[in-house]
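Okay, so here's the structure we're looking at.
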Amino acid sequence: MASKNQNKAPPSPSNSKYSVDEVSVDKRRRIGNPKMPPNTVTRTQTRQAFSVVNGGQDLPPTSGPPSNCGSDCGVVGFTKEDVEALLNERLRIKNKFNYKEKSEQMAEYIKRLKQCIKWFQQLQENYITELEKQKKSLMKAKEDELNSIIVELRKNLEALQEKFSKEEFDKLEALDSLSRERDSRQAVERLQASLSEELKRTQQDNASANQKMQSLNDMYKRLHEYNASLQQYNSRLQSEIHTTNDALKRVEKEKAAVVENLSELRGHNTSLQEQLTLSRALHDEAIKQKEALGSEVACLRGELQKVREDRDCQLLQVQALSAEIVKYKECTGKSIAELDSLTTKTNELESTCLSQSEQIRRLQEQLAFAEKRLQLSNMSALETRSEFEEQKALIHDLKNRLADADLKIVEGEKLRKKLHNTILELKGNIRVFCRVRPLLSDDGVGTDTKVVSFPTAMEVLGRGIDLTQNGQKHSFTYDKVFMPDDSQEDVFVEISQLVQSALDGYKVCIFAYGQTGSGKTYTMMGKPGPPDQKGLIPRSLEQVFETRQILEAQGWKYEMQVSMLEIYNETIRDLLAPNRSSFDVTRLENSGKQYAIKHDANGNTHVSDLTIVDVRSSKEVSYLLERAAQSRSVGKTQMNEQSSRSHFVFTLRIMGVNESTDQQVQGVLNLIDLAGSERLSKSGSTGDRLKETQAINKSLSSLSDVIFALAKKEEHVPFRNSKLTYLLQPCLGGDSKTLMFVNVSPDPSSVGESLCSLRFAARVNACEIGIPRRQTNLRTSDSRLSIG
Ligand code: ADP
Ligand code: MG
């Protein structure tokens, strides 16, 4: 068999196909020969032999299922090389004709082939199941993937739907604003139309006024001309009168001369009668000449305008006449006077002529002057008109700018409110100020120990206070500490912003806390008398009314209402109730009035039966304050210093409307003078006093409970635990602003109470310094009370 193998060329990897064919041919041959000896090679041996056949090459491991099922399951594991070796196997027969051996080998070979086939089938089956499994897992993965894609798509769809609805809402809003804009545009167009109509009318008026002016000018010209002609006519008439008078005089003179001549001639002797007759004739002639001259004069009268031209000619005539007269003089010697008179007459005429031409010149000058003036006045009228137009344009422009400025003011005001609120929020919505009153004459007599001092370190300057008790120093810091010599004005400056907030529509509470005699009433109300002693309440009201006036110029209209009440032993007393002067305790406790406190949905508080007064000026409020003070002081005398045993609540409600911007604000300013905070032991109370003190303690501790609950943002805030906190519920918390004054007396005997007050105030103050205020306040105004 080895020799047979040697005869054959060893199978190479390149011609494996060939060798397989060879094997199959060979196999067929061997199968067809049952005498072939069976292959006795064991499986391990075969493996070794196969490795040799394959040149020791290691094939990659098959990815098929494990083939070591074992002979017990009838399947033996095969590798690729095993199969190839099996197929390439040759019968190893020494004797060609030993058929028995051959057939044994063949049987063995067939058995192994069968095993191989079985293994192959098993492999195939495994492959199929594996394939199925893989397919399933692939499907599963694909399905998962698709599911996740679907979920994502659903999410996308939801987001898109949300977006869509938002956009639809935006669109609706835009449509709304568009319609509003359209309305306003229409209104503007209507306004424009009416304005253009007015303009047209004005232009027409202007044109008619121009026409009227033109016609007036014409009339003026015509009148001027008429005046000139009248003047001419007048002067002509006057000159005529002159000449006529002259002529008359001359004629009279001539007549007289002639009569004289005649008488003279009569007196002459008769011999001269011939001469006389002659002279008479001459005289007649002279008369004739005179008449001719008279007619000439008349002619001159008619031609007065041409006198200047005619003058030479007349002079010539006069000369001729003079010559004639000389001739006649020679004859008679008696017509000289006549001639003279004629000459004078001519001279006179000449002078008249001259004066008249002078007059004409003057009149012409006047006319020219008047014309010039007319021109000037025309020009100035034109100028005035253009100036008028310019002024109109300027006014229009200014009006526009005014409207713009108004708009800007309104916007600026909005911004100011926002910024103002932000500033206050940054400062903290609950703030604590401490005020130490000066030492009074009846304080701490005999002791000169100073219990209150103010640290001068930079970081606590104006904010720190040290209290020494039994040699132990306690230090406190607040938002602000007012020293004994700080004036009422200094204090007010610090709270004026809160008052402004009330005008801007916020709810503001300002408390004065401290033991009796520490200066609460002085801080809130001040001292009657000099204006610099006025307290926060009157000063706030002055500011409110002053600012109201300024805001009214921007279109704001405010209504103010004042109420004042007192809470004594958990009972409300109306300090503005009519007929309160006859005060008595039983009426107070049992007046039949309920004074029930109710809050509506808008955060407004109503106290039934409480007197609410509309006020329009700070004077009115001063009057009401006086009334309330009187009402309290009546109680004070009859009820043992009751004023310091009750809480005084002054409330100013501010309702503002701006019709031009459609804005509305509702602010409340509460100014509260709390009852004295001294503890029970100090007042040494029994009976009614004990009840009083307990009521005070209860309400003050309720106030602190409310503040601390708000600061801790607790779900339940115990507003209802006292009348005071329930009354002020809407003004404590939410968007409201609270300020507490802690009043301290520097009297050494009060040091215990002062320490208590300062400790309480420090706890309140801690409400907003627990965590960085700035961050909290910037996020949301409600979180301003957060405590660390
Ligand atoms: P309270 O109302 O806390 O009982 P008051 O306001 O009645 O205290 O003050 C007690 C006294 O001290 C009053 O006579 C008041 O005029 C005076 N007083 C309080 N604070 C000051 C101050 N800052 N400057 C001057 N006098 C003051
Ligand atoms: Mg008081």
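Just so you know, glycine gets a Cβ as well, placed from its N, Cα and C.
Annotated compositional bias 'Polar residues' per TrEMBL: 1-18, in sequence order.
Taken from TrEMBL, the feature region 'Disordered' covers 1-46.
Feature annotation from TrEMBL assigns coiled coil to 124-310 (among others).
Residues or ranges marked as coiled coil in TrEMBL: 346-408 (among others).
Per TrEMBL, the feature domain 'Kinesin motor' maps to 429-767.
According to TrEMBL, the feature ATP binding site maps to Gly514, Gln515, Thr516, Gly517, Ser518, Gly519, Lys520, Thr521. Note on Lys520 (ATP binding site): other Cβ atoms within 10 Å of its Cβ, all shown chains, come to 28.
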Can you list the residues of the same chain, besides Gly514, Gln515, Thr516, Gly517, Ser518, Gly519, Lys520, Thr521, whose Cβ falls within 8 Å of the ATP site's Cβ centroid?
Arg437, Ala512, Tyr522, Ser644, Gly676, Asn743, Ser745
Just the binding-site residues from Gly514, Gln515, Gly517, Ser518, Gly519, Lys520 whose C-beta lies under 6 Å from any atom of ligand 2, please, or none if there are none.
Lys520
PLDDT averaged over every residue in the coiled coil (346-408):
91
Given the binding-site residues Gly514, Gly517, Gly519, which one is most crowded in terms of C-beta atoms within 10 angstroms?
Gly514
For the binding-site residues Gln515, Ser518, Thr521, work out the Cβ neighbour count at 10 Å and name the residue with the minimum.
Thr521
